[in-house]
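Q: For reference, TrEMBL lists these features for the protein:
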BINDING   16, 17, 18, 19, 20, 21, 133, 134, 135, 136  GTP binding site
DOMAIN    4-186  domain 'Tr-type G'
Ligand SMILES: Nc1nc2c(ncn2[C@@H]2O[C@H](COP(=O)(O)OP(=O)(O)OP(=O)(O)O)[C@@H](O)[C@H]2O)c(=O)[nH]1
């Protein structure tokens, strides 16, 4: 296929505006997938994605489209996630494309991630094609949304296709728009090979499979290639595309998007963002990689069964291959033993990683409360970056502590402005600006401490605006604040995994709320357990768990042994997610208790 007939594009949108549904319709219309194999959101291949109805991973497929001009084109479609935690996946997909189809919901209009994704696409110099979706809805206002696109983003939306991805209306207009307006890949097929690695996965039989976009030159089976960042060299054993079934090919040509495997067993050799070149005919320089993503939240992950420590390391390494924004390093906790401190882009990301480890690698985990990275300036002039509150040095050694702040942009219908301002105030936010998007909607700009918003801000925002507000944020730097470490003592002993960093003015109510919450979460045991919150060794709150042995057999006065066994099994099951901390059995939820304190404080 000649290069001028190739089109590489992504579909970008705010969450739930209909990207995956549009991708489904495109696969159907191009007969890439046979009708009997078609199912909803076909590209969301992970069980987790299907259950939660969200896209987590990017996904690339090749399809053929015969346009109204009679010519057949090769499309590479990359479906991307919409949630802010997975922006990294989006930016990687975009680097492999020339164009982006921007899906906007005709009833909701532009939302925070619509804008964030547009900026990412502009950063990558992509041609952006606006498409207005869900025109079948009675509340659809395509003309209002077109005007919004023009006023807020500055894109000409006069010819934007008006579609219903759900009902398959006007999907061909989108494909014709792509043919006409997404530029064909540039690249020189005879130049030295430069292929961008934009994703990779580990396959138990074939080793690492790298997903690449060939920017210059071509890759053939049998070629010796080098990963330029790691300097590792391999012979290409297989390459091909996905349609979405895996199809093997003899070569990947200039401009194409596909996969290759080379029996790569060492995970470290393949880095997302690296460039592959040919060993015999090498390129002089790698392509532009990606901006390094710094995790926003950290938490400790510990195997419940400590014998699974090495399995957990293995699982994290393999996941990292598929999820370049995940970071981890070994750590030990007095309470929980050996584990890993892991960095994530947000709480949804953390949740997804945890669940993937449990499902795909069968390791039961205890996760400690997430924390952002604080900067502790010490009296000797040095600075410590603290991603684990329990590691904060003694208060005498600390001059001051700074916390990360973000600039948040919140788009909302006018009537919720008051409720949002109240929420931001409660989260220690500083009002910056407020602009009209149109007659009915506003964009509120606040500076907020990251530590206050990563946890439940999004949920709170949704509930106080009935789901109508959307939200995006970027890190703007660190600001000093009156912060201190709050320790939690169980039975008189500090449990390092329960320490958190709090604002001093909120310390008393928070300490009280945590103690009360832990009292509810930690099951009664044979002895009384005092729970205390302390700042700098000074106890600020206390609650006691009364002693009681729960005898699950009490009701079983009959002699039915099988029933007794069943009850004991059930009790054991309940204990699976417990960790013995000193003499106290602590359930997983207790480690998360510090998160949902807002209501009580
Ligand atoms: N009425 C109507 N609903 C639609 C249309 N397109 C998509 N939807 C619905 O909107 C919801 C979200 O669609 P998805 O395709 O999952 O949205 P997405 O943008 O891919 O969402 P993420 O993958 O989570 O980022 C689903 O319930 C779809 O059935 C449409 O044209 N009309």
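Backbone N, Cα and C atoms are what each Cβ position is placed from, and that goes for glycine too.
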Q: Does any of 18, 133, 135 have a Cβ within less than 6 Å of an atom of ligand 1? These are the binding-site residues; tell me which, or none.
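A: Among the binding-site residues listed, those whose Cβ sits under 6 Å from ligand 1 are 18, 133.
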Q: Roughly where does the domain 'Tr-type G' (4-186) sit in mean pLDDT, to the nearest integer?
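A: Mean model confidence (pLDDT) across the domain 'Tr-type G' (4-186) is 84.
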Q: List, in sequence order, the same-chain residues at least six positions removed whose CB sits under 8 Å from that of residue 135 (GTP binding site)?
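A: Residues satisfying the criterion: 106, 142, 162, 163, 164, 169.
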Q: At a 10 Å cut-off from the C-beta of residue 16 (GTP binding site), count the other C-beta atoms across all protein chains.
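A: Taking every protein chain into account, the count is 18.
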Q: Using CB atoms and a 10 A radius, I'd like the single residue among the binding-site residues 20, 133 with the highest neighbour count.
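A: Answer returned by the neighbour count: 133.
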Q: Ten-angstrom check, please: count other Cβ atoms within 10 Å of the Cβ of residue 18 (GTP binding site), all chains counted.
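A: Cβ-Cβ neighbours of residue 18 (GTP binding site) within 10 Å number 24.
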Q: When DSSP is mapped onto helix/strand/coil, what comes out for residue 133 (GTP binding site)?
A: strand
